[in-house]
Amino acid sequence: MALLTALPILAVFAYVFVPSAEVWQHLAATVLSDYLLNTLYLSLGVGLGVLLLGVPLAWLCSMCEFPGRAWFEWLLLLPLAMPAYIIAYTYTGMLDFAGPVQTSLRDLMGWAYGDYWFPNIRSLGGAILMLALVLFPYVYLLARAAFLEQSICVLEVSRTLGCNQWQSFFRVALPLARPAIMTGLALALMETLADFGTVQYFGVTTFTTGIFRTWYGLGDHAAASQLAALLMSFVFILLLLEQASRRRARYYHSSGKYAQIKRIALTGGQAWAAVLLASLTLLLGFLIPMAQLASWGFANWQTQMDSSFLRLIQHSLGLAIIAACCALILALILGYGKRLNPSPLVSLAARLASIGYAIPGTVIAIGVLIPFAWLDTQLNQWSQTVLGMKLGLLLSGSLFILLFAYNVRFLAVSLQTVEAGLGKIKPTLDNAGRSLGLSPHAVLWKLHMPLMKGSLLTAVLLVFVDVLKELPATLILRPFNFNTLAVRTYELASDERLAEAGLPALMIVATGIIPVILLSRSISGSRAGGKL
Amino acid sequence: MSIHFIIDNSYYLRINMDMLKKLLLATTLLAAPLVAVAEGEVNVYSSRQEQLIKPILDQFTAASGIKVNLVTGKDDALIERLKLEGDNTPADLLLTADAGRLFRTKDLGLSQAIESETLKAAIPENLRDPDNQWFGLTYRARPIFYVKEKIKPEELSTYADLADPKWKGKICVRSSDNIYNQSMLASMIASQGAEATTQWADGLVKNLARPPEGGDRDQLKAAAAGICDLALANTYYYGQMLAGDGAEDKAAAEKVAIFWPDQGEQGRGTHINISGASVTKVAKNKDNAVKLLEYLVSDEAQAWYAEHNQEYPVKTSVPASSLLKTWGDFKADSINLSELGKHNAEAVKIMDTVGWK
């Protein structure tokens, strides 16, 4: 199964051995160092950003009390529904030199070009900001779930042992939540590496844009695949490193005692600082871009709102639901297989299968097309001889291939979440179940599933939102007469008609909000020992 | 489920074959209505966006009774899909917004020659493939735009002049990732050679007012806002800004004007590119695809394009839109657009070398 999902990735790797020395020399002499450095800075910047936003906010919202906490708790997840390329469109529209903010500044102060300094949103820094603002919820989400699932007793014990509040955060809560935080960080970074829309729009040349330029502009598939393979190896090594770093430690919660959390009440300056941090993040990551989209959408909704628009919503929703369920099933099989048989090979297979998350959608799409088109050709030859008729493109011409591609791309999300859920269940429980006569199947079904209901729901909803936002693979692989909201948004935006793209973009975000809210509720309710 | 699920290869394979069969059955049922290639249909892969092409396709269906199935996407990706699907591809017609891509399609052996007197009569020779494997349907120019308040048209002459140091810090152009810039450079390589083109690109990059960012419209807006005095952009973007609803876009566009470079006896002419189409090599609805092509060069369709998208009709008997007419006539570069595809990779290398981002 893991091999099956890794197939497209292997298909890309197959090109690695095709020589293309001349193009490589050209790349190395001109642009390669730019690609590498920009990708490195981008990853570092986004990584730092999501940690600095995600972890403190998660701690504040789960362990402290400040005005509006109950609201911020779920509001802070909303940026997850905002695709990075869309937030990039909105901020560019607002902050560009010719946009409303700078124009009114100039009118107000009587400045002209060159008279004043204004940060350029279309830059590496801008790209880092955009990506961090929409990706931090991954860290926030997983860290919060981890904090909530920690037994308060552990923290209380640390306090009785002489830790102050800060110390018990840094020495107990944070290390205990580390696997979850790292998972969140890994998801955010993989998404960053796969991002094409934002960096391309901002003119930041990264590995991803380089792959496309080499492929299409230079027309060299082999060199482009080799670039992609390099990117994948990079991610693979990172994943292995992360795994190795926690090899020695195991993070089981040994105490099953869950007392009601006594939140630390913040007062005065502390409370204000907490409110400020939370509301600023929410404002920048969601409310402001949403307002811009709404104003664009409102300006021309009559021209766009017709029956075909409803069909776009149906298509987007349908695809997202089916893909999310498939990804969950796959993740359960892989995750549980790994738990039952923790051999390096299974573990490797699971890692390989989740690399897809860091690969740009277009590369995945082509990687999926290669084996499927081949299979279709074989099938047609077979049916021609046996049945005397051609079947057409059964696999590569239908929605099947698209769903498959989504799974390759997003399996990491569901797998990581399921693994995190399974990881928290003590293996002694499995042993107890088995010794009482349950089959491995039944252990999963009767013991694990109810225990990690929250993780499972998280896995489904995350993939759902991701598929809703997905663009490049959908664009290439969808069948005739089949459009989605993301496709419509892209078409209008790529034709530089940002304002008209507002309405479909707004719908993507609005549809994404519902599962995000569900997600938040499920986490709040996931804490053992009673409702919060 | 067995623990040896993945380890034991034979078991793994058996499961998979079994699963594969089930999947096949399921997809056959699922996919059948989607890939049905009945009579009276034509299947189109289009890199022209749905909103730009659908109305005209609907008119074709109304006039001919032939149903049009459409997938839109990025040119390169669609060509890749076409290539991988091979003989089984359902696509009959490929529409793109750039000649270079049509050349590549032909080069990969994915298109076929079409003998049609209607097409030959309607489309000028340099806007279609010498072997009739692709046909231009509309064209657009990439002239120089200047800020009316700051620059007099007499100061401008040719593309080559843009590399002159006197324009230092005064020019806006988008990223070299964009196919329109790649094609423009490719046409230069075709007419002046790689060395002269490299020198020109180097000079141009040194004259840029800012590192390339944004699209063509953004260059015009930047010029209007005072960042630069000159900009390179495609004509239809300018046309759409002038004719569209956005008040800000319109105000910005009104501050700039078109200069047609490289005119006169000696001039090479202003760089143009086409949107065009190829019939796929294995088209199952070839007749319908040809009918659609012929419809797209009919007076009716050509006039619609001219009016709605502010592009120039390829058919000389169809007038340009009233807005385009106000920009005056110009001499277009007359090289066969196949050259754009031939020199594309070289153009990208040159851009990399001179640091055109």
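Positions of Cβ are set from backbone N, Cα and C atoms, glycine also.
Computed from a predicted structure; not experimentally measured.
Residues annotated as domain 'ABC transmembrane type-1' in TrEMBL: A:36-240 (among others).
Feature annotation from TrEMBL assigns transmembrane segment to A:38-59 (among others).
Sequence-distant contacts of the transmembrane segment (A:71-91), counting only residues of its own chain at least 6 positions beyond either end whose CB sits under 8 Å from a CB of the stretch, comprise 57, 61-62, 121, 126-127, 130-131, 133-138, 140-141, 144, 191, 195, 197-198, 201-202, 278-279, 281-282, 285-286, 288-290, 292-293, 465, 468-469, 471, 486, 489-490, 493, 498, 501, 505, 508-513, 516-517, 519-521, 524. The transmembrane segment annotation in TrEMBL covers A:71-91 (among others).
Proximity of distant same-chain residues to the transmembrane segment (A:124-143), defined by a Cβ-Cβ separation under 8 Å and at least 6 residues beyond the stretch ends, is recorded for 38, 41-42, 45-46, 49-51, 53-55, 57-59, 61, 76-80, 82-84, 87-88, 91, 177, 180-181, 183-185, 187-188, 191-192, 195, 198-199, 202, 204, 281, 284-285, 417, 420, 458, 519, 523. According to TrEMBL, the transmembrane segment annotation covers A:124-143 (among others).
A Cβ distance under 8 Å defines the sequence-distant neighbours of the transmembrane segment (A:222-241), meaning residues of its chain 6+ beyond its ends; these are 9, 12-16, 18-20, 23-24, 27, 35, 186, 189-190, 193, 207-208, 210-212, 214-215, 351-352, 354-355, 358-360, 363. Residues annotated as transmembrane segment in TrEMBL: A:222-241 (among others).
Marked as transmembrane segment by TrEMBL: A:271-292 (among others).
Outside the transmembrane segment (A:312-336), and at least 6 residues removed from its termini, the chain residues within Cβ reach (under 8 Å) are 1-2, 5, 349-350, 353, 399, 402-403, 406-407, 410-411, 413-415, 417-419, 422, 440, 444, 448, 456, 459-461, 463-465, 467-468, 474, 482-488, 504, 507-508, 511. Residues or ranges marked as transmembrane segment in TrEMBL: A:312-336 (among others).
According to TrEMBL, the domain 'ABC transmembrane type-1' annotation covers A:313-519 (among others).
Taking Cβ pairs closer than 8 Å, the transmembrane segment (A:348-374) reaches residues 1-3, 5-9, 11-12, 187, 189-191, 193-196, 208, 211-212, 228, 231-232, 235-236, 239-240, 243, 334-335, 337-338, 393, 395-396, 401, 404-405, 408-413, 415-416, 419, 470-477 in its own chain, all 6 or more past its ends. Annotation comment: TrEMBL describes A:348-374 (among others) as transmembrane segment.
Among the features that TrEMBL reports, transmembrane segment is placed at A:386-406 (among others).
Annotation source TrEMBL lists transmembrane segment at A:456-478 (among others).
When Cβ-Cβ distances below 8 Å are used as the criterion, the transmembrane segment (A:498-519) is approached by residues 74, 77-78, 80-83, 86, 89, 93, 141, 290, 292-301, 303-305, 309, 312-313, 316-317, 457-458, 461-462, 464-465, 468-469, 485-486, 488-490, 492 of the same chain, each at least six residues removed from its ends. Taken from TrEMBL, the feature transmembrane segment applies to A:498-519 (among others).
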